[in-house]
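In TrEMBL this protein carries:
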type: DOMAIN; residues: 6-145; note: domain 'Lactate/malate dehydrogenase N-terminal'
type: BINDING; residues: Gly11, Ala12, Ala13, Gly14, Gln15, Ile16, Gly17, Asn105, Gln112, Val129, Gly130, Asn131; note: NAD(+) binding site
type: BINDING; residues: Arg92, Arg98, Asn131, Arg162; note: substrate binding site
type: DOMAIN; residues: 156-320; note: domain 'Lactate/malate dehydrogenase C-terminal'
type: ACT_SITE; residues: His187; note: active site, proton acceptor
Amino acid sequence: MTAPVNVTVTGAAGQIGYALLFRIASGAMLGPDTPVRLKLLEIPQAVKAAEGTAMELDDCAFPLLAGIDVDDDAARAFDGTNVALLVGARPRGPGMERGDLLEANGGIFGPQGRAINDHAADDVRVLVVGNPANTNALIAAAHAPDVPAARFTAMTRLDHNRALSQVAHKAGVPVAQVRRLAIWGNHSATQYPDLFHAEVAGAPADALTADTAWLTQEFVPTVAKRGAAIIDARGASSAASAANAAIDHVHDWVLGTPEGDWTSAGVVSRGEYGVPEGLVCSFPVTSSDGEWHVVEGLEIDDLSRGLIDASVAELEAERTAVRELGLV
Ligand code: NAI
């Protein structure tokens, strides 16, 4: 058997952590031949709860689970880590302004970025789930100068999966027959789910893109506001689907995307499609040999261009704010 892959999960005692850890340990993320060692990072007050989750993980007797460490120290939790899932974040409290939120999260993602820089394995791959995910990834990357920036990514796979399902329902086809969707921009209400290159049952999604009213007034807002709709219905946020998306993101990053299809991920812009360099922006991406590649050469229509630009402008404003706070 191969050596275990070290997987660090922050916010391990939280809702997403509880939905995520068991699936990682089962092999859903890295495949059925790869043993994993889980390293759980929590704040001191939540270490006991994370230890409870570790007890349950033990009780599953997962054949691929090579060990579990629980810690409140980032240096130890990221020591030798190959895959880091940064889930723990500071939520927006009542009356909290955007600047306060960014500053509070800077206090988490800056030190965690530095700990990854100093202690993680050379091949470390980082997925930021905790919101505001794109800018938290930017902050973490800025504190890890020795790690290639491309190893820091933000999760928009949940938005991608939500969009796939909406299209499948609308077109009346199984979700597996919907391909080449793209989420552009920020993981926020400004994100743009793009159907203009999508295929439904092997044909262009022309019938859907021609229905501008459905596209702009139903599809885009339903995907963008799905998180709020889940909270309203369930009385709790979307934890299992978020965990599932994190599994999908890392699975495809490490093991590759299927031939002929692509997915969406927040990756560091190299200026593709006019997105300013250095922003962590969601693009259509493929993965091969453990690296994300932005799908290039897509023609962007005027409607899409305006919506992409609006979301990118929000990312730029967030970057300006964290620069002014000295966080990047
Ligand atoms: P939660 O509140 O249930 O759990 C968060 C956990 O993080 C808590 O156990 C807390 O103790 C821990 N934590 C806080 N600061 C930490 C630190 N410095 N180090 C380690 N752990 C720390 O929240 P939940 O539902 O698990 O969500 C986590 C994050 O994921 C939130 O920011 C949420 O907005 C975000 N999210 C992102 C999605 C995406 O698509 N990118 C989708 C859904 C949620």
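Cβ coordinates are placed from backbone N, Cα and C, and glycine is handled just like the others.
Please treat TrEMBL annotations as automatic predictions, because they have not gone through curation.
Asn131 (substrate binding site) is 12 Å away from Gly11 (NAD(+) binding site) when you measure Cα to Cα. Straight-line distance linking the Cα atoms of Asn131 (substrate binding site) and the residue listed as 'active site, proton acceptor', rounded to a whole number, equals 8 Å.
Counting only same-chain residues at least 6 apart in sequence, those with a Cβ under 8 Å from the Cβ of Arg162 (substrate binding site) are Pro193, Val223, Arg226, Ser241.
Residues Arg92, Arg98, Asn131, Arg162, recorded as binding substrate, reach a greatest CA to CA spacing of 26 Å. When DSSP labels each residue, the domain 'Lactate/malate dehydrogenase N-terminal' (6-145) comes out as 64 helix, 26 strand, 50 coil, counted as helix, strand and coil in that order.
Looking at Arg92, His187, the recorded positions in this record, the fewest other C-beta atoms within 10 angstroms of the C-beta turn up around Arg92. Sparsest Cβ environment among the binding-site residues Gln15, Gln112, Asn131 (other Cβ atoms counted within 10 Å): Gln15.
The average pLDDT the prediction assigns to the domain 'Lactate/malate dehydrogenase C-terminal' (156-320) is 97. Checked against ligand 1, the binding-site residues Arg92, Arg98, Arg162 give no residue with a Cβ less than 6 Å away from one of its atoms.
Rounded to a whole value, the Cα-Cα separation of Gln15 (NAD(+) binding site) and Arg92 (substrate binding site) is 16 Å.
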